[in-house]
Each structure stands twice: as structure tokens, then as C-alpha cells.
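Student: My questions all concern the structure below.
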């Protein structure tokens with residue numbers, strides 16, 4: 001099966017599971033990912049202090065519905081979005097007039113079911129289409145949420161691809177959203193394929209699958225962030241829109257330059273950092289200020305289907321996920337091959353011809369990329385410019401510049417800075 | 001009476017007075033301003049050395065006219081612009097052919113009377129409409145300027161609103177122009193209303209009403225400019241054009257950032273500093289280089305009525321002066337509330353929910369300004385960014401950001417840097 | 001004869017000579033230039049190590065042709081481009097099928113003869129129009145290149161105009177191209193006229209006429225580059241296009257600012273440095289990193305006639321060369337008069353009127369350039385801004401600003417920083 005189809009199949013398989021920031025839906029999700037990658041799964045007990053936060057109680061849900069005359073009108077078994085995340089148990093009959101304050105709809109998108117949670121304030125609720133609500137007559141309804149909210153643990157997982165150096169690149173995906181395909185099963189699927197394809201990379205690559213916010217905070221509380229040199233938060237990786245890269249808080253971190261380069265000749269948008277969105281919020285909090293950006297297609301809250309039942313597996317495409325994956329791989333290539341050199345023959349140009357590096361016939365005006373790349377590398381290898389800066393300045397593809405540097409290095413004309 | 005009407009009434013009342021850089025017209029003007037504000041009036045004797053300049057002789061004028069057959073053809077009593085400022089006395093009969101070299105008109109605006117002065121070279125002259133001149137037959141005219149140019153003093157005034165700190169913000173208006181409404185009676189009127197409305201400000205606000213150039217130079221010669229932290233030169237504050245802010249010489253002074261922020265969502269123009277215009281020329285001379293910009297509506301020499309009889313009370317409107325005043329007040333608010341904080345919980349986001357600062361229902365995509373403002377303040381309060389920088393970066397209104405900072409500070413999450 | 005005609009006559013006179021990077025064609029060219037300027041001619045023996053390079057053998061050519069039945073079909077005597085530069089001798093009869101691999105044409109420009117060289121790889125070849133080749137029937141051809149490639153020397157020349165200081169400005173022209181008018185006889189002609197017109201300049205001006213690449217490298221190897229403060233590589237100085245300035249590698253060198261200023265109000269293009277083009281490649285190699293830019297009209301490889309027989313004396317015009325020369329002269333004027341001053345009366349404006357530097361009649365809105373220039377010079381003469389920076393900031397012509405500085409200096413208001 002081709003990559004795109006494999007990723008889409010994974011999205012479809014994970015879609016029905018009821019994920020949240022804790023609980024068995026999250027564990028099952030990580031178990032499925034674990035069929036593809038060696039995962040280290042962590043369980044962090046309820047009550048553990050993590051930075052400014054406390055790991056909450058674990059939430060599990062078995063069933064939920066709103067019924068009338070024994071017929072399920074809103075049914076958690078059909079769509080996990082129907083229950084407000086972290087709803088406390090309920091089992092009552094009540095009139096619609098009382099039930100209403102627990103119902104969430106999208107009046108402007110009457111056919112879609114919204115996604116809502118209440119992690120830190122105990123309550124319960126249902127999400128349903130406005131059209132469903134409109135069709136519900138007054139009268140009594142049976143309201144059941146068969147959930148538990150008890151001490152337990154928060155679950156997250158890591159997959160590490162050891163590199164030639166211990167400096168790490170993290171790829172972080174939130175895995176806490178229930179039946180939402182683009183947000184973030186597509187991100188998970190792209191991360192899985194990316195991880196599978198890494199072979200003896202230069203950096204050590206760490207893939208983090210954790211619930212949003214509290215998961216990233218837990219990871220940061222339990223790890224040494226200093227080893228994280230670069231990172232990408234992957235989300236909304238499969239919709240039909242073009243790619244958007246949101247810069248790290250630094251704005252000029254190497255990962256920011258890498259993604260700008262890789263996206264340069266594609267339709268794309270670069271956004272400045274903002275402290276809203278996904279877990280870049282945590283990685284880029286001012287105490288850490290890591291070089292971690294966020295790669296999405298259409299970004300956070302940028303499409304009408306966002307956080308609704310419209311974000312289903314049909315909303316994401318194999319082609320889009322392959323495109324996101326390709327960009328991730330090109331970024332990895334740049335990150336892993338980017339170096340800073342010093343020209344050892346900096347006075348005038350060295351004579352490339354006598355080293356077999358330059359075409360002998362002069363006068364032609366169509367200098368080749370390979371020759372231009374060598375001249376650029378020689379001219380800018382002053383210890384200040386890395387190869388990426390040279391590729392940007394020369395408007396040449398990074399691989400051409402890296403190949404030129406390799407050839408010049410082999411010829412003894414460069415040394416690493 | 002509403003503010004706009006009060007300001008327009010003040011413009012009309014001051015309009016007929018014949019102001020100059022010295023003399024009784026200037027004193028009467030300050031006396032009228034003194035009916036609204038507690039003023040300290042300074043008299044600086046002729047001959048006093050002020051920086052590179054010397055306080056000139058005092059000029060006073062009682063009457064002036066060009067008459068023929070006993071009929072006043074050009075009459076100072078009707079319009080103070082008719083006499084060239086600082087004209088020496090004359091009382092002669094002379095033919096038009098001789099008189100002509102003393103007459104100033106605007107051939108391209110034949111119905112308007114120009115404004116001219118000759119402070120530092122003794123001469124006399126009249127300003128009149130070209131149409132008036134065209135109607136003057138050859139022959140003899142009686143020419144009278146009943147003026148005196150004698151040792152006396154230069155007059156300027158200050159109004160101080162004490163603040164919580166001694167650091168000063170100056171608001172400076174030139175008061176030397178005779179019957180010109182926008183330039184600068186509107187500026188005076190806006191300054192008066194602004195001064196009246198300040199209540200226990202953070203900075204100390206000093207309003208300076210002084211003749212242009214020599215007055216500002218005199219003020220600088222007699223005061224410690226080091227206490228001036230910010231300032232605005234107010235002029236042309238009442239015409240129907242949109243606002244223009246001319247930056248201080250520094251270009252990145254806090255006042256420059258404040259005005260850019262306050263004007264951001266209004267029609268406006270920002271101009272770089274130039275050493276021409278009003279008294280920002282003196283405050284921004286390189287030895288002082290103060291953070292003083294200039295706020296006008298249509299700027300210096302930017303409208304056809306500039307320095308002509310067309311700049312009369314009908315040329316300025318209550319609405320425009322209210323708009324200028326509003327911007328001044330917003331600028332004062334930013335200047336007085338702008339602070340630099342340090343996030344005391346900089347590793348990850350602090351949990352705002354447990355402190356009652358964050359909405360409990362998750363999943364909605366319409367995060368409120370107040371919550372965004374808190375996230376921005378936390379993320380950028382690293383000691384480098386002040387609240388104004390955060391408001392600019394977040395594209396949020398300053399008051400939202402300042403309110404968020406107050407809430408976070410009250411919750412113990414911030415300290416002042 | 002006017003300048004433009006003189007320059008065009010020089011181009012026409014030099015055009016037929018067969019220049020290369022060594023040899024008698026180059027020497028004859030320098031001899032002609034020497035009729036206009038005092039030249040110091042240098043001969044550097046074959047085998048001399050110059051930086052990373054070695055001076056090659058000297059190439060001389062007396063005759064070359066491809067003939068059939070005694071008739072010259074391709075004739076070096078008619079056009080020096082017909083022989084690949086540095087062709088080794090040949091004297092054979094061979095079938096067209098064998099000859100073909102030695103023939104260079106431009107299939108897309110079938111009427112033009114290309115320019116080709118092979119300095120460092122021994123071979124031989126002919127350049128001809130595709131239309132000529134198309135008309136050559138199969139069969140045997142007599143192929144003659146009467147050349148020698150032997151130990152000798154590389155020739156270059158210098159003309160120095162001593163200045164008031166030893167700091168040097170170099171003007172460098174490549175003189176190695178055979179019959180190509182714009183590239184670079186027009187550059188040589190402009191340099192000659194520029195050199196002739198310099199009178200007691202502030203800087204010392206050094207004109208370098210040397211073969212491309214190896215000539216510049218040889219010059220750099222034999223001279224102290226530290227004395228070179230500014231420089232221009234002149235090429236393509238005569239075509240009908242507008243001017244292009246390519247910045248030095250530094251990008252913010254004084255020469256870059258000078259050319260940007262001089263070109264500001266002309267049609268022009270500014271390009272960032274790239275390590276391809278003319279001898280700025282050598283002067284701007286990272287070890288030297290000199291403040292040397294490149295002035296051309298249509299730049300390197302930017303016109304269809306580039307490096308073809310289409311680049312003949314009709315391709316360049318007297319008017320274009322005069323325009324290039326004018327810009328060079330204005331650049332020299334700025335370079336030589338640019339200074340940094342300190343305002344000695346920096347607190348407030350000094351009173352210019354009492355020094356006779358300011359118009360006495362006030363109120364007019366059409367301040368004159370001369371007065372504005374004085375205000376700008378006073379305001380920005382803080383030791384940081386040079387006159388050029390002031391002219392740029394004020395958007396005034398450099399000569400106005402320099403004249404204002406002279407007047408203020410004479411009045412004792414400025415001192416040199």
C-alpha cells in the first residue's frame with residue numbers, strides 16, 4: 001500500500017476511538033500507533049505536580065445517550081463527539097427545558113456536531129446538531145452518561161530514532177481529540193510515516209504523542225528540554241489547503257529558516273508566533289523558548305469544519321498527507337545536513353578547474369547550478385553563513401548547495417567552522 | 001457646553017488678537033488661556049542670551065492701514081495678518097510705485113491674505129489679497145504702522161499637572177501666530193482641554209505655551225531637559241484632514257511607538273522626523289534629542305489655506321478637535337500605564353483556570369480578547385517587551401493588554417521588571 | 001571631438017584586436033590605451049604563482065581559417081571571435097564529420113558567432129554562425145590555426161591619479177575579451193575618459209586594465225589590498241539599457257551607498273552581490289571582502305548579443321557611454337567630498353539668520369533646498385551620519401548637502417568628526 005493510503009487507513013482506524021486527555025481511548029490510540037512504531041508509553045498518576053499544573057483524574061466513558069421512548073436521539077456510540085469531554089456521570093429523566101442548558105449546538109452550522117470539553121470544571125453535557133435539537137419535542141428525556149472520573153493516570157508515548165548526535169529534534173502530536181480526523185489523526189499518521197522512514201539520521205529524533213497542553217506540560221516537566229534543539233508540532237496535516245508554518249517564538253530559530261526554505265517554492269503561508277494554537281504554546285513559553293514551530297495545512301480554527309463532526313476522514317486526503325510528509329522529510333534533510341564551513345582559500349577564487357570542479361569551456365552564459373553553488377559556498381563560507389543561509393541567499397535548492405559543499409570539502413577547500 | 005464647542009469657542013475668542021513672538025497680543029492670549037488653566041507666566045528680558053540666540057526687542061502694534069482719500073483700503077483692525085510681523089513704524093504718504101516693494105500677496109490665491117514676518121531684519125510691510133492690490137489705482141497712499149519695537153521681554157507660560165513620578169511629558173504649543181485658527185489656536189484649545197481632564201496622572205504633565213522657535217529655545221535654555229521623558233508638539237489640530245504623527249528624531253522613542261499604536265486603526269499618516277516644521281525642531285536638536293514628536297491633522301504647509309487668511313475659525317471644526325483630543329488622551333493612557341513585567345511562571349503556561357482567569361468550556365474557536373491578552377502578556381513578559389510592545393505584537397488594543405496584565409499581576413503571576 | 005564620440009572612436013579602434021588573457025593582442029590594446037593615459041605596464045612570467053593560481057603560458061595567434069577549395073569559409077582575419085581562445089595550433093585537412101566536434105554555434109541565434117575560450121584545458125576550436133555551418137556541405141576542409149602557446153608572460157597595466165590621501169579607489173576593467181564592444185571596450189573607454197578628467201582628487205584613483213579573473217588575481221597577489229577603500233568594476237558600459245549597480249559583498253559599503261544615491265533619481269537597478277560576473281568576484285572574495293561594486297548598463301549575460309558577434313561597435317552608443325561616465329563622475333564627487341561632521345551648536349538650532357545663512361522673511365512655506373540642507377546637516381551631524389547619509393535621509397542631492405556643510409563649517413558651526 002502506498003504511503004498516502006497507509007496514512008489514510010490509519011486515520012480511519014483511529015477515528016472512532018473516544019480520546020481525551022486521559023483514559024482508555026487514549027491508551028487504545030497509542031496501542032494502534034505502537035503497531036507501527038516502537039513506543040515507550042508513560043503513565044503519570046493523578047495528582048502528580050507538573051510545572052504549574054496537576055495531573056487530573058482519569059476520565060473513562062462507556063456509553064452515553066439522550067433517549068425518548070427508548071429510542072436514542074443522541075448516541076455516543078455513533079459519534080464520540082456527542083459527549084462533552086470529561087462529563088461526570090448522569091442517569092436521569094428530565095424535561096427538555098432542563099436539559100437544554102447541557103446541550104451544545106452550532107446554530108450557524110445546523111448539520112454539524114461541535115466538539116466541547118470541560119476538563120477542569122466538573123459538569124456534563126451533550127453536543128448535537130442544531131437540526132437534531134430543532135426536531136426534539138418538549139417533554140421528558142432519558143439522559144445517560146456512563147462515565148467515571150477517578151484517580152488514575154495520564155498517558156503519553158514516545159518513539160526515539162537515535163542519531164549520530166544526542167541533540168534532539170522533537171516532532172510532537174496531540175492525541176487527545178476524539179473523532180476529529182484532521183485535528184489531529186492526520187498529524188499522527190504523518191508523524192508515524194516520517195518516523196518509519198528515518199535511517200541513521202544526524203540528529204536524534206523524538207516523536208511525542210501526548211494529550212494537548214497537559215501532555216506537553218507533563219513531558220516538559222519530566223524531561224531535559226535543553227537537549228531539544230529543534231522541533232515541529234504537527235497538526236491539521238491532511239486537509240486540502242496549502243501548508244502553513246507558524247514560526248517559533250524566536251522567529252529566527254534554525255527550524256524557522258528551514259521551513260521557510262523548504263516551503264519557498266510551494267504555495268504556503270508563514271505566520272509569526274502567537275501564544276495560541278497547539279503545544280507550541282508550551283514549548284515556546286518564555287522559560288523554555290525552544291526552537292519549535294508548528295506545521296499545519298489550514299491552521300487552527302481556520303476552516304469551517306474545525307472542531308466539528310465535519311472534520312471526519314473524508315475531510316483529509318492521502319495526497320495532502322503525502323505533501324505534508326514530503327515537506328517534513330525535506331526539512332529533516334536540511335536540519336541534518338546544515339553545516340557552517342570556512343573557506344580555506346579565501347583570497348580570490350581558488351582555481352576549481354585544476355581540481356576538476358569547473359567546466360573548461362569558457363564564455364557560455366548558462367553557468368550551471370552546480371558551479372554557481374560552489375562559487376556561493378566559497379564566497380559565503382566565512383564562518384558566519386551556514387549552508388542554509390547560503391542556499392537562501394543564492395536562491396538555490398539546499399541539496400545543490402550541500403552537494404557543492406561536500407565536493408569542496410572533499411577537495412580540501414573547506415573545513416567545518 | 002460640550003468639549004468640541006468649548007474648544008471652538010476658545011479658538012474664536014483668541015482669533016482676533018495680534019500675536020507675535022513678543023508683545024501684548026501674546027500676553028492677552030495667555031491671559032485668556034489662564035482663565036481655563038493655572039498658568040505660570042514667564043517674562044524674559046530683551047537681550048537675554050538663550051542658547052545660541054538672544055531674546056529680541058518686544059514688538060507692539062496699535063494700528064496700521066493703507067488709506068486713500070481717508071478710506072482704509074488695507075486695515076489692521078479688520079485682520080491682524082495685514083501687517084508684516086515686527087514691522088517698524090511708518091507714517092508716510094507715498095505713491096503705489098514705491099509702496100509696492102512693501103506689499104505681499106499670493107497671486108495664485110488672489111482672494112487670500114498671506115502671513116509674513118520679519119523678526120530679525122528691521123523692515124515694514126503689508127499683506128493683502130492680490131485682488132485688493134489689483135483694484136488699487138496708481139497714485140499716492142497714506143501708509144501708517146503705529147508700532148513700537150523696544151526693549152521689553154518675551155512671554156511664555158506653563159501649566160503643570162503633577163504626577164506620581166517627576167518624569168515629565170511635555171505638550172508644547174506655539175502661540176506666536178496672529179489670526180490663524182488651525183495654526184495654532186486649535187492646538188492651544190486641544191491642549192487646554194487635555195490639561196483640564198488629567199486626574200492624578202502617572203507622569204507629570206507640563207503644558208508649554210510659547211512663541212515658536214525663540215520661545216522653545218528660551219524654555220530649553222531655562223529648564224532641565226533631562227526630566228522630559230516624552231512629549232508632543234501640538235499644532236494644526238483642528239482641520240478636517242486625518243491625523244499625522246511626525247516621529248521624534250530618534251524614530252523609535254516610546255512616544256513614537258505610543259502614537260503609532262493609538263493611530264493604528266484610524267486613518268492616519270506616520271512621517272519620519274525632519275528638521276523643519278514646529279518646535280520639535282528644537283526639542284529634537286541633536287544635543288537634546290528628546291523623545292518628542294509632533295501631532296497634527298494636515299501637517300505643516302500641507303493645505304492651501306496654510307499661513308493665509310483662509311485659516312480662519314471656519315477652517316477648524318469641533319469634531320476634528322475632539323478627535324485630536326481623543327487621540328491625545330489615548331496616548332496619555334498608554335504612556336501612563338505602559339510597564340514591563342516578568343512572567344513568574346515562565347515554564348509552560350500557568351494554569352489560568354484554577355485561578356479563575358480562564359473559561360472552563362474548551363473546544364470553542366472564538367477565544368476572547370481577554371484570554372488572548374493574558375496569553376500574550378504571559379508569553380512576552382520576559383523583561384524585554386513592555387505592554388505596548390505586546391499590544392503591538394498581538395494586535396490587541398492596549399487597554400485589553402493592560403487589563404490582562406493587571407489581572408495576572410493581581411494573581412501573582414507577574415512582577416514588574 | 002566630444003567625449004561621447006571620443007569614447008566611441010576608442011571602442012572602434014580597439015575592436016578588431018584579438019585580445020586574450022595573455023599575448024600581443026592584449027599588449028596592443030594597452031598600447032592604445034597608453035596613448036591617452038600614462039600607463040605602468042606589468043609583465044608577469046608564465047609559471048608565477050598568484051594566490052591559488054599559476055600564470056599560464058602565453059597565447060599568440062597570427063591566423064586561422066576553415067577553407068574549402070582555397071576559399072576561407074571561417075576567417076579569423078575577419079573576426080577574432082572565430083577562434084576559440086587559447087586554441088592550440090592545428091593544420092590539417094579533415095572531413096566535416098570530424099571537424100564538427102570542434103565547431104561552436106548558437107542554433108537559436110543562427111546569424112551570430114559565439115565567443116568561446118579554453119584557457120586551462122588544451123584544445124582547439126572555431127566559432128561560427130549556425131547559418132554558415134548549415135551552408136557547409138559534407139566533405140573535406142582545410143583547417144588552420146596558426147597559434148603558439150608558450151612560456152611568456154601575463155600583461156596588465158595601471159594608471160594612477162595621486163590624491164590628497166593615499167587611500168585608494170580602484171576602477172577595474174577587464175581587457176581580455178576579443179572583438180566584443182560592450183564587454184568590455186566600452187568599459188575601457190569610460191575608464192579612460194574618467195581618468196583623464198580627474199584633477200587633484202581627494203582619494204588616490206587607480207585604474208586597473210587587466211585580463212579577467214587571472215589578471216585581477218595577479219593584481220591582488222602583487223599589491224596591498226588594504227589600501228583599497230572603494231572600487232568599481234566597470235563593464236558593459238555602453239549598451240542602450242539603463243544602469244545596473246551590483247553591490248559589493250558587504251552590501252553596505254560606502255561605495256554601495258554612493259552608487260545608490262547617485263542612481264536614485266535615474267532609471268536603474270540595484271542588485272545584491274553574487275559571486276558570478278566580473279572581477280568583483282575576486283575583489284569581493286571573503287578574504288579580501290573589499291568595498292568594490294560593479295557598474296554596468298545591462299548586466300552580465302543580460303542581453304541576447306552578450307558574448308556574440310552581435311556585441312559590435314554599433315551595439316554601444318556615445319550617449320550611453322556619456323551617461324555611464326556622468327554617473328562615475330558623480331560617484332567620484334560623493335566619494336571625495338563625503339565627510340562626517342559634528343554640530344558645535346547642538347542645543348536647539350543655531351541662529352542662522354545672524355550669520356547671514358537664513359532668509360529674513362518668515363512665513364513662506366516654500367523653504368529653499370539650501371536652507372533645508374543646512375537644517376538637515378545641523379540636525380544629523382552627530383558624529384554618526386556622514387553627509388551621504390544626510391543626503392539620503394533628507395532626499396536632497398549630495399551637492400546641496402555638501403555645500404550646506406561647507407557653509408556651516410565656514411561659519412564655525414561644524415567640525416570634522
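The backbone N, Cα and C atoms fix where each Cβ goes, glycine too.
Automatic, uncurated: that is what TrEMBL annotation is.
So TrEMBL says this about it:
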- C:8-338: domain 'DUF4910' (DOMAIN)
- C:58-148: domain 'DUF2172' (DOMAIN)
- C:177, C:183, C:307: Zn(2+) binding site (BINDING)
- C:340-415: domain 'UCP01524 winged helix-turn-helix' (DOMAIN)
Student: Within 10 Å of the Cβ of residue C:183 (Zn(2+) binding site), how many other Cβ atoms can you find? Include all protein chains, please.
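Tutor: So the number of other Cβ atoms within 10 Å of residue C:183 (Zn(2+) binding site) is 27.
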Student: How many of the residues that make up the domain 'DUF2172' (C:58-148) does DSSP mark as helix, as strand and as coil?
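Tutor: Here the numbers are 15 helix, 39 strand, 37 coil.
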Student: List every residue in the same chain as residue C:307 (Zn(2+) binding site), at least 6 positions away in sequence, whose Cβ is under 8 Å from its Cβ.
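Tutor: Looking at Cβ-Cβ distances below 8 Å from residue C:307 (Zn(2+) binding site), excluding near sequence neighbours, one finds C:114, C:115, C:180, C:183, C:301.
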Student: By DSSP, what is the split of the domain 'UCP01524 winged helix-turn-helix' (C:340-415) into helix, strand and coil residues?
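Tutor: Within the domain 'UCP01524 winged helix-turn-helix' (C:340-415) the tally stands at 36 helix, 12 strand, 28 coil.
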Student: Calculate the per-residue pLDDT averaged over the domain 'DUF2172' (C:58-148) and state the result as an integer.
Tutor: 97
Student: Sorted by position, what residues of the same chain at least six away from residue C:177 (Zn(2+) binding site) have a C-beta under 8 A from it?
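Tutor: When sequence neighbours closer than 6 are ignored, residue C:177 (Zn(2+) binding site) has C:19, C:115, C:183, C:184, C:212 within Cβ distance under 8 Å.
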Student: Listing the binding-site residues C:177, C:183, C:307, which lie under 8 Å (Cβ to Cβ) from chain A?
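Tutor: Qualifying residues, whose Cβ lies under 8 Å from chain A: C:307.
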